[in-house]
Amino acid sequence: MEKKKITVAIDGYSSCGKSTIAKDLALYAGYVYVDTGAMYRAVALYAMERGIITADSIDEKRLAAALPSISIGFALQPDGSQHTLLNGNDVESRIRTLDVADGASRVSTIGFVRRALVEQQQAMGRDKGIVMDGRDIGTVVFPDAELKIFATASAEVRAERRCRELEEKGTPKPYAEVLENVRERDWRDTHRTESPLRQAADARLMDNSALTREEQSAIIRRWFDETVNSENH
Ligand code: DC
């Protein structure tokens, strides 16, 4: 008999390796992976390109009117990675800049944006067999997820990782600026009134400040296997 599929919710601070955990696990489990941060980033990119979001303001009225014309999807690449599509266009590299990260952090504080995206995310997970990462997956999107993981690492470790990523992409930024950006986003993610980032009471904590990718992956796979086995009892 085929094993019953579960829902895996992964939340945590920015740049703490959530997507690494989620991608690894989705591949291991043969599940669909959904990066919800990419969805907030795509909305931000759309709004920034049209001047709906500027350096110091968001035109919420125009953003609300624009939302129905924003369609977000994911396209699997031949190398197994996933690219984000905005109205059919591949925007993967454009949504990974610090500017768009900042815009995403700002649009994600708006209730009507969250409600629209949460609805899409819940539809994507209707049949389970999904690994979704974000900030509110275990608390709001899938409060009944069988496995919830809350990932964390120190701000300094996360800023170092982010610097390395930016360097690899050919868009290096000074460490101090990246660290400040990490701290600013942490503050905003945890202090907003709409679905602030917090660890669900039943989430398992994964502090990976001092873990290699392999060590972390082994722990997460064990958690997954244990959960699936107990669900299939
Ligand atoms: O994980 P990320 O850095 O790609 O997320 C971009 C921004 O979107 C981040 O500031 C937090 C926000 N976000 C959110 O509020 N809820 C989610 N489920 C995912 C991301």
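Keep in mind that glycine also has a Cβ here, set from the backbone N, Cα and C atoms.
TrEMBL labels come from automatic prediction, so no person has curated them.
As given in TrEMBL:
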BINDING   Gly12, Tyr13, Ser14, Ser15, Cys16, Gly17, Lys18, Ser19, Thr20  ATP binding site
DOMAIN    8-215  domain 'Cytidylate kinase'
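Per-residue pLDDT, averaged across the domain 'Cytidylate kinase' (8-215), gives 94. Residues from the binding-site residues list (Gly12, Ser14, Cys16, Thr20) with a C-beta closer than 6 Å to any atom of ligand 1: Ser14. DSSP gives Thr20 (ATP binding site) a helix state. The most densely surrounded of the binding-site residues Ser14, Cys16 is Cys16 (count of other Cβ atoms within 10 A of its Cβ). The Cβ of Gly12 (ATP binding site) has 28 other Cβ atoms within 10 Å, all protein chains considered. Counted within 10 Å of its Cβ, the other Cβ atoms near Lys18 (ATP binding site) come to 26, all protein chains included.
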